[in-house]
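Pulled from TrEMBL:
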DOMAIN    160-284  domain 'Palmitoyltransferase DHHC'
REGION    114-141  region 'Disordered'
TRANSMEM  53-71  transmembrane segment
TRANSMEM  83-105  transmembrane segment
TRANSMEM  204-231  transmembrane segment
TRANSMEM  251-273  transmembrane segment
Amino acid sequence: MEGRMQGKAPLSDSNRRIMDADAPPRRVYQAWKGSNIFFLGGRLIFGPDVRSLLLTVCLIVIPVILFAAVISGQLAHEYHNQIGGWVASVAIIFTAYIIVLLLLTSGRDPGIIPRNAHPPEPEDVGESSNLSEWPGGQHGSTGLPLTKDVLVNGVLVKVKYCHTCMLYRPPRCSHCSICNNCVERFDHHCPWVGQCIGKRNYRFFFMFVSSTTILCVYVFAFCWVDLRIIMDTHRCKLGRAIMKSPVSGILILYTFIAVWFVGGLTSFHLYLISTNQTTYENFRYRYDRKTNPHNRGLVQNFIEILCSRIPSSRNNFRAKVKEDSATFTSSLGMGRALSPPKMSVDLEMGMKRQTVAMEELEDLHSQIGSAMGLERCGTEPPHIVGRKGCSEIATDIEAFAEEFGLEQRFTERKKIEQRTSHNP
């Protein structure tokens, strides 16, 4: 055994990297292929435009600070009691609640569907595939149908194949071009929160928007109360009252503009919830012109979206995952790349299951043999500069076979080849 180990030539650098199984495993969020940004070791996941979240926080917090510091103080002075303190406390507590909803919307998995490591097998697609939508009924580059039909509440719905995630998107799922992920029940990508809005954070998004609308109305109303008190106390008109309390005038203008934005969003999403639509579906499919297979009635729609249990994330971003040692390509002079062994990656469990077929190992051997001219190795000296020796190639292949537990079958194949070469 010792003589056999000494007789083996060392592996090349590329093959050593491929077969290095002792490298420290990375976590799922470190090997993530989407455009997301992670914080706290994968505990928080944001979109690539997370910086806009800081702007959103400032647009909420700064007006409330002015309101609590200036307007509530003026109210306390005018009324000669603690009403100003109560007004400020309610505004601050409600603002903190809104910030929590904002973080729950922006910092959690919106419903990302894990990618496949390789396209599904054609036999797994089933007979429900439909190519009539595509010109000429062509298949994609993977040979799979570009769409297939699924039944949703008795209505036939087309689902598309995602070439990036290598899967058929479930109904109501769409691929976000900004985050580069397929998101379940995709509504839209919101730049104000820096995250996709999907199945797992839509409820918090709606609560955030509606609560912000209430906060705007609250600040707007008490700023008007402050101006009214000034007008009554000093017996002046509105313009002079604004001159005496310019902060009230600024906040009235600011909240009036903001309430049209967040209030309009709240009204629009109330309509979407009542009809069980998403923003994407409303602009893309126009369900008001045809049957919506997801509409279950007004009450059931609100219960499903606002009161049902939020599903657990399909991804464990902190799970450890080993490097995919099979994802390599080697140019062999003929311009043909070696086919990597199949890898099945389960991102949901954060683990990898590797299966290597003997046929692939044989194909690897035949490709190296044809590219490097194994049949001429016996007539060429092994010390030619710039060419890998025949013995070194053979030991590399033996190492592959030993790594994947196929050494015995590989040795039998090698004996057969030697016997055939000696007896032409």
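For all residues, glycine too, the Cβ spot is worked out from N, Cα and C.
Stretch with the largest number of CB pairs closer than 8 A to the transmembrane segment (83-105), among 53-71, 204-231, 251-273: 204-231.
Sequence-distant contacts of the transmembrane segment (53-71) (same chain, at least 6 residues past either end, Cβ-Cβ under 8 Å): 46, 87-88, 91-92, 95, 98-99, 102, 106, 192-194, 212, 215, 219, 222-223, 226, 245, 247-248, 250-251, 254-255, 258. Helix, strand and coil counts from DSSP across the domain 'Palmitoyltransferase DHHC' (160-284) read 76 helix, 17 strand, 32 coil.
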